[in-house]
Amino acid sequence: MAKELAAVYADVSALAMDLCLLSYADPATLDTKSLALTTGKFQSLHGTLLPLLRRQNAHECSGLSLELEHLLENVADALTTLGVCTSRKLSPEEHFSLLHLDITCNKHRSVRFNFYGNWALELKLSLINDVEIFFKRLSSVFYCIGSGSALEGLGEVLRFVGKLRGISPVPGPDLYVSNLPCLECLQEVCLTPNQGTSLQAMLPDTACSHICTPACGEPVRGLFENELKQLGLQTPESIPTTPCQSRVRQDDEIRQSSLMAVGDHHIFGEVTRSVLEISNLIYWSSGHSDATCDGDRDCSHLASLFTHEADMHKRRVDLAGCLGERGTPKHFFDCFRPDSLETLFCGGLFSSVEDTIESLQKDCSSAFYQQVNYTTALQKQNEFYVRLSKLLAAGQLNLGKCSTESCPSEARRQLVGGDKPEEVLRDAKHRQELYLQKVARDGFKKLSDCIRHQGHILSQTLGLRLWGSVIYNEASALQNHFLHRAQFISLPWQDLTVDCPTRFENSKYIKNSLYCQRLGREHVEILTLEFYKLITGPLSKRHTLFPSPPNVTLAQCFEAAGMLPHQKMMVSEMIWPSIEPKDWIEPNFNQFYSFENQDINHLQKRAWEYIRELVLSVSLYNRTWERELKILLTPQGSPGFKEPKPAGLTTGLYLTFETSAPLVLVDKKYGWIFKDLYALLYHHLQLSNHNDSQV
C-alpha cells in the first residue's frame, strides 16, 4: 500500500507544483480548456481518495499520508480559486491581487490542550518551528494527557500545518527560522564528538536543515543569456570589467604562466632550484587568493548586478517580437516588481539570492580593504605574485637572493643595538613598524573570516529551502501513539475498576506480602532503566540496529523538550539503591493513576510516582511468587483490533496512561481493566495458579 500511496503523492505534488507556477503566470497565457479538464479529473480523484485517506489517518497514519491529505485539500482549493479568477476575465493586477495579496492572515492559531488534573494549555502557533517545539514538549509529558484530549488538540495543530503547507514545495520565508534546532539536529549533535562541550552550548550554533531542507538551486546567471543566443538575439553586455577584476585576471594569468613554467616537470624528472622556487611560491600564495579579489574598484558589484537585471528585462521586448507576440507578457513579477532593497532578500528573475550575497560580500570586502592598513597588507600579500612575475620575466633566477629575501625593508637586514639616542629611536621605530604590520595582518584575516561567516549566515537564512519530512513524521508518531492508546482501551475488556470488598481484601493481602520483601541493589539499577524506558516519549524511541540505552534516550527526550536541570535531577532521584516498599507503595485502594487538580509540574511528578510503583511492585511480586509478569505498552497496529476478543496480544500487564483504564491484564484472548495495581497482581496470581494446575 505504501508504494501506491507514494505514486499518488508524486503525481499530486507534481500537479501542485505546476499549479503554483501557473498562479504567477500571465492570465492571458493560460489555457482555460486544459485547466478545466485538469480540474474535473482532480475532483474525481479528490472525491474518491480523500474520504478514504481521512479514515485511514484516523486509524493509523504516516508522515506521507498526512501530507498527502493536506495536498489534496490545498490543491482542490487552489484549482477552484484559479478557475474563478480566470473566468472573471480580470486584469493582471486584479488577478494576482486576488490570488496572492489577500490581506486576511491565516498563519496564526490558538489551540487548547486539556491535561489531567484540569490543567489546560493555551498554545499559540505562528511558525513551523512552533509546531515542532510543541511536539517535542508534548512527547516529554505524553503520560499527563488523555488520548481523547490529545487527539482533539493534535487535529487542530495539523489543520494549522495544512494551511502553512499550501501547494508550493518552497515554504514562505516568514513561516520558519533556521537557527532553532529540531529533534533531528539533537540526534546529530549527540553523535558528534563534543570535546567536553555541553549540548546547550552546541545546539545554538546549529543551523537546522531538517524542518526546511536546503536545496541546491540551478545556476541562474547565464541561463537566459544562453537562450537568447540560441534564438539568434544579441545578448546585453555582461557586467562591466572593473579595475579589481582586471587585477584578478592579471593575477590569474601570472598563476597560469607559473603553472606552465613548471608544467614540463614530472615525477621522474630532476627537481631544479628554479622549479622548486616557483612551486613553493604557488603553494604559499594559494591560501590567500580569495582575499586579494576585492581591492580598489570603481563601482559596486550590487549596482552591476541590478544593472544587468534591468538590461535583461528590456531584452524581453525583443524576445516577444521574435516569438510573434503582441507586447511582453504581464506576469506577477511584472505587476509587482520588488525594489532594490527587497531584491536583496528575494533575488531577481535573472539572478539568484546566492548571486546577491556574493556581490554583497565583495562590496563589503572592498569597503574594508580600501583602508590604508589593509591596503598595505594586500600589497605585501601580493609580493608573491610580484616575485613570480620577476622569476618568469628574468629567465634566470638569482637563487640565493630569492631563497633568503622576505622583505625589502633595510631595517630587517641590520641589527639594532647600542646606547646612542639615534639607535634607540631607530629601534623603537622598527618595533612600531613590526607591531603595525602584525595588527594589520591579523585584522585583515579576522575581517576576511568575518565576511565569509556572515555570508554563510545569509546563505543559510535566505537560500532556497524545501519542505522537509520532520514535521509530518513527528506528527504521525504522536498521532499514532494516542490513536493506539484509544483503540486499545476501547476493546471489549472486562471492567474491574468498581470498588469491591473482595478486591480490597485481595489488594491488602498482596501489599502486606510485599512490605516485608526487599530489592537488591543490582536489581534496582536494572529497574531504574526500565522506569526510564516507560517515561521516554514516543518521538525519542528509535528502532535502529544500534539503539541507545534507556537513560541516554530519556536524556535526549528531556533535552529536546528543554527541561531544566532541576527537573532532570528529580527524575534521577525517583529510585535510589536503598529504596524500600514503604517508600513507593500507595496505601489508597483503587486510585492508581488518579490526579487531583494541580499544575503540570505536580502532574508530571505524580505520574512518575505511579510508574515507579508499577515497576518496583511488579518486580518484587515476580521475585516473591516466582512469576514472570511483564510490563508492556499499548501495541502499535495490532491486527486483532477489529476482533471481538483480540488475538495475537502478548500476555502481560499493559500500561495505557489513561486515567479511566490505566492497567489492563491480558491473558490469552481475555483481558481485565484495573484501577488498583495490587488487586491486579492478586488476579494474576490466581490465573497463574489455575494455569499451573491445568498443566
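For all residues, glycine too, the Cβ spot is worked out from N, Cα and C.
Worth saying up front: this structure is predicted, and the values here are computed from it rather than measured.
Annotated features, as they stand in Swiss-Prot:
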- 182-210: zinc finger (ZN_FING)
- Tyr621, Asn622, Arg623, Thr624, Trp625, Glu626, Arg627, Glu628: ATP binding site (BINDING)
- Given the binding-site residues Tyr621, Trp625, which one is most crowded in terms of C-beta atoms within 10 angstroms? Tyr621
- Task: Sort the residues of the zinc finger (182-210) into helix, strand and coil with DSSP and give the three counts.
- Result: 16 helix, 0 strand, 13 coil
- Message: Just to confirm: which same-chain residues, 6+ apart in sequence, have a Cβ under 8 Å from the Cβ of Thr624 (ATP binding site)?
- Response: Ser513, Leu514, Gln517
- Item | List of residues, in chain order, with Cβ under 8 A from that of Glu628 (ATP binding site) and at least 6 apart | Asn622
- Item | Additional residues around ATP, ordered along the sequence, whose Cβ is within 8 Å of the centroid of Tyr621, Asn622, Arg623, Thr624, Trp625, Glu626, Arg627, Glu628 | Leu620, Leu629
- Item | Integer average pLDDT (0 to 100) for the zinc finger (182-210) | 83
- Query: How many neighbouring Cβ atoms, not counting its own, are there within 10 Å of the Cβ of Arg627 (ATP binding site)?
  - Reply: 15
- Query: For Asn622 (ATP binding site), what is the secondary structure state per DSSP, taken as helix, strand or coil?
  - Reply: helix
- Task: Quick one: of Asn622, Arg623, Glu626, which of the binding-site residues has the smallest count of other CB atoms within 10 A?
- Result: Glu626
- Query: Three-state secondary structure of Glu628 (ATP binding site) from DSSP?
  - Reply: coil
